[in-house]
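Feature annotations, reproduced from Swiss-Prot:
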ACT_SITE  ASP131  active site
BINDING   MET75, CYS76, HIS77, MET116, GLU117  substrate binding site
Amino acid sequence: MTEFTHINQQGHAKMVDVSDKQITKRTAVAHSSITVNETIYKQISNNTNTKGNVLNTAQIAGIMAAKNTSTIIPMCHPLPLTGIDVHFNWDETNAPLYTLNIQTTVSTTGKTGVEMEALTAASATALTIYDMTKAVDKGMIIGETYLESKSGGKSGDFQRQLDQ
């Protein structure tokens, strides 16, 4: 059974000491999504939302979220991130509902991974889209948020299988 590394001998929270870990290149890819109605889909696609360019703003929010993960997730180490990218892809197969898939990729060269940074970026991106379009419809659905893959580090690589 795997031990919880964020709990000390007294059962209290602690930040894991990574001093003795090797510096390696680490990358994580996360996914989230938001399902919107046709009006919001058209506003985003045509860049006609009254609050501005929704995707550009959400992309910046995702980047900022990755950079600030250690300030909102208590046991995350502050990391010198070397790359952050946010991609969007529309799924139009269930019209009149449209799902915007969000993929975030975060990289570093360091002693601990960037999974939480990628997940935080994906979440903040979806939340920003909700915030910027909620005046049109509050019934949007933020979908599953999960780690797609990670590479580097002691625990090795991870690739989510389609049936997970």
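Residue numbering: from 1, along the chain as shown.
Including glycine, each Cβ sits where the backbone N, Cα and C put it.
Note that this is a predicted model, so its numbers are computed, not measured.
Cβ neighbours within 10 Å of GLU117 (substrate binding site), excluding its own Cβ and spanning all shown chains: 27. Taking the Cα atom of each, HIS77 (substrate binding site) and ASP131 (active site) are about 28 angstrom apart.
Taking CA atoms as the reference points, MET116 (substrate binding site) and ASP131 (active site) are 22 Å apart.
In terms of C-alpha distance, the listed binding-site residues MET75, CYS76, GLU117 place GLU117 closest to ASP131 (active site). In sequence order, HIS6, ALA13, LYS14, MET15, VAL16 are the residues near MET75 (substrate binding site), counting only same-chain partners six or more apart with C-beta under 8 A. For the binding-site residues given as CYS76, MET116, the lowest number of other CB atoms within 10 Å of the residue's CB is seen at CYS76. Cβ neighbour count for the residue listed as 'active site' (all protein chains, 10 Å cutoff from its Cβ): 15. The substrate site is defined by MET75, CYS76, HIS77, MET116, GLU117, and by the 8 Å test on Cβ atoms against their centroid, the other residues of the chain that qualify are THR69, SER70, ILE73, LEU79, THR112. Overall, the recorded substrate-binding residues MET75, CYS76, HIS77, MET116, GLU117 cover a maximum inter-Cα distance of 12 Å. Its Cβ taken as reference, HIS77 (substrate binding site) is surrounded by 16 other Cβ atoms within 10 Å in the chains shown.
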